[in-house]
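Colleague: A single structure is presented below for examination.
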């Protein structure tokens, strides 16, 4: 993740020369943009009335003064920007940039020609943090799908292609708004302690109703979007407002807030429906408590959806036996009954059928064997107890992981285990084996989401 930091510290300098009345220095306000490798400083200097326009100057690490110009050896470039502005770009390894207190600093001045010769009339200290965070640039389709008229600027111009994308934004050299937000959620954490959150309507399917997106705990007008277009809603708020929470974890202070979207529900006497997407998103900014308030982490992640209500409905499950331990093929209905020698391994798989929800999980509870097709018949032998191998068996069931199975589209829909063949003993005649077939049964449940602890079994379990 990457975060653009922007700080401009201005220090006016008044010159007192013997015998001269010092005129008021012009206010050369400018904008500073900090990138990963360099910064850009834009200032209005050009004037059609001045015969000799002001010039930018800098001091090297020995205190010598230089007029700034294009100098690749020293890592500086100067060119005319939009209107009457001048743009200075300097790399952090420039001859005039030094490191101090976790920042890159560069003192510059504006030199004007006076009656007694050139004088430095204004000094500025350009300051950029050394630890910047880079965000991932949006995919091409998240950028190209936004009409030019609907693009929301992500950063002031001018900005380089690389710096724009490291802000997590889209760049185009063909349009005026060359750095703009993509069709996603983009979070910036400022050094001054503010969230900037841009939400695209296309972050969900179907698209969000942007006028329903709000901060979950913000009720005053200052928590409303500062800008809304057809495609985007932009929120900007300080960490001290709109229900933002703060917690200390180790040496980090973490600030968090949530965005939600209200769903439009249509009601009828016999039920209610909605066609709006569920949207609940949490944003987080982390800062090092011991350093100079620089963000060390930026996170945007959706909260897990609420657990579904338990309702009756069709659910198809399948128990089948594989021909080998790779589960590359299975016995079909015409292959049964399968004949095995005692203590031969049998590879069992239980699966959910006809479901494509990747968040479903299959949870095995009990698996047992009987000598007839009825799961309630006697005698019985436990294979799995509470999802774990029965500990009273000297040839215990082996659980087989499926998380990384290459042949399964939805691994969480499957559970695998192996057992060793046995025969039931006649309860009326000691140690006499029963003839006939052995049937397997399992009781299972389907849970959601599959990655939650409630969908997993850790063995052994307490009886």
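Cβ atoms here come from the backbone N, Cα and C positions, even for glycine.
Positions annotated as signal peptide by TrEMBL: 1-18. According to TrEMBL, the domain 'P-type' annotation covers 141-183. What TrEMBL lists as disulfide bond is 154-169. Feature annotation from TrEMBL assigns domain 'ZP' to 188-462.
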Colleague: Which number gives the other C-beta atoms within 10 angstroms of the C-beta of residue 169 (disulfide bond), all protein chains shown included?
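Modeller: Its Cβ shell of radius 10 Å holds 27 other Cβ atoms.
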Colleague: Using all protein chains in view, find how many other C-beta atoms are within 10 Å of the C-beta of residue 154 (disulfide bond).
Modeller: 24
Colleague: From the DSSP assignment alone, can you count helix, strand and coil residues within the domain 'P-type' (141-183)?
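Modeller: Residue counts in helix, strand and coil order: 13 helix, 5 strand, 25 coil.
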Colleague: Summarise the model confidence on the domain 'P-type' (141-183) as a single mean pLDDT, whole number.
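Modeller: Result for the domain 'P-type' (141-183): average pLDDT 81.
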